[in-house]
Each structure stands twice: as structure tokens, then as C-alpha cells.
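As given in Swiss-Prot:
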- Leu28: site 'Important for efficient shutoff activity' (SITE)
- Leu65: site 'Important for efficient shutoff activity' (SITE)
- Glu80: active site (ACT_SITE)
- Asp108: active site (ACT_SITE)
- Lys195: site 'Important for efficient shutoff activity and nuclear localization' (SITE)
- Lys198: site 'Important for efficient shutoff activity and nuclear localization' (SITE)
- Lys199: site 'Important for efficient shutoff activity and nuclear localization' (SITE)
- Lys202: site 'Important for efficient shutoff activity' (SITE)
- Lys203: site 'Important for efficient shutoff activity' (SITE)
- Lys206: site 'Important for efficient shutoff activity' (SITE)
Amino acid sequence: MEDFVRQCFNPMIVELAEKAMKEYGEDLKIETNKFAAICTHLEVCFMYSDFHFINEQGESIVVELDDPNALLKHRFEIIEGRDRTMAWTVVNSICNTTGAEKPKFLPDLYDYKENRFIEIGVTRREVHIYYLEKANKIKSENTHIHIFSFTGEEMATKADYTLDEESRARIKTRLFTIRQEMANRGLWDSFVSPKEAKKQLKKDLKSQGQCAGLPTKVSRRTSPALRILEPMWMDSNRTATLRASFLKCPKK
């Protein structure tokens, strides 16, 4: 699974996922399914934000990378992917600037057009079940919830899907592609089922000649892309980085 993740996701996303797991003391060599899930969630959050701007009239518009109007205000502020301290700093800044109610839990995005925080969910289960779990945890009408599945289903608060149909279709297509690529490599069943995941982990460790009881060292290097990304996020001038082409999964 780890090899699949490194092949199929943008290196910037992989770096952010590694950083997030290390922050919580999790070993991506062992919890490979979580590694894949975090990368998938990060990519969906980036795709949700991609190309969406607000013009001078306060209207939401979709702008391609090479469009001369690319300096317009970004519609979404990306919170997911930052370390917790920085993320809360951004949330507090947004609340102080917009008057939005501070959420109890860290959200994934802030929508400057609708003036609301957004919680993005990506599930391998039924969308309505995951939606209810999110809603019961957040318990706030001020945080908008939008759930996507790997089968093309989605569910959002009050059936308000925020994005246009084409933008949502891009996300659904990407998720379906990830599912197909996992299935082609025999990884999908273990990704969905914890029981199958344990079997896959034992198989991977055996093939690598590792012992599950031994700690595995994780690289602590920080790539140039990650060093550039964080200050760009703080300045809300991240177009070039976030618009980088996502890597396609090479065929086995």
C-alpha cells in the first residue's frame, strides 16, 4: 500500500500526510491504510478548492491556471494539511475577521462566499452513515458537511453541495480511479476491511523481511515543496503550488 500511495499521489500530498502521521505518533509503515486515507482526504480538499475564486462582485467563478484573472481572491481557505497550532491560528484569524463562530473541532476548509467552515469526508462505507457520524461529532449547524464516497455517491448538509456539478464530478472521478487502481493491485479489500488489512500487513512485512514488533524509522526530511507551501498558505497566495498536476497512477 505504501508503494501505491507514493506512486499515485503528488509528492506534496505525501509529504503532508507523513507530517500529519508523525505529529500524532503514527507509523505509516504499519498503518498504511491510514496513510492512504489521509492522502486521499488531502487531495479531495485541494481539488475542492481548485480553480474557485471570488470576483469583485462577490460572485463565485471558476478560473483555470493560465487565466489572467488568477489573482482574484481564493474562495476557499485550506485548513487541512497544516499542523494543529497553525491550523487553529488560521481558524482564529478567520473568526476574528469574518465574525464566524469558532468551531469546536478543526474543519477542513473555509468558504469565503458562503461564510462557513466546511468538513470534508471521504468514506469507504455508506455516505449517510458517515454523514451522521460526522454530524453527531461536530454538533454544530455552522459547519457545513460534505461527504464523498469511492462509488460516486455524495451527501451534504441540507443537500447544498457548494460546488458546481463539473467540479464535484472531477472529485468523484478521481476517487473512483483510486478505487480501481487499488483493486487492480489487490489492495482494495484490505483498504475497506480491517480484518483484510491485518492479513495484508502480515503479508507485506513477511515479503519485506521485517518484524511487526520492531519500530520502523520514518524519514524526517522536509522537501523544498513543503517548505515553500507553508508560507504560501499563510499569504493565501498558493495558486501555483496547489494547481500542480496530480500524478497519475502508473500501471503495474
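All residue numbers here begin at 1 and follow the chain in the order shown.
Cβ from N, Cα, C; glycine included.
Taking only the Cα positions, the spacing between Glu80 (active site) and Leu28 (site 'Important for efficient shutoff activity') is 18 angstrom.
Within the same chain, residues at least 6 positions away in sequence whose Cβ sits under 8 Å from that of Asp108 (active site) are His41, Cys45, Ile78, Ile79, Glu80, Ile118, Glu119, Ile120. Of all Cβ atoms in the shown protein chains, 22 besides its own fall within 10 Å of the Cβ of Glu80 (active site).
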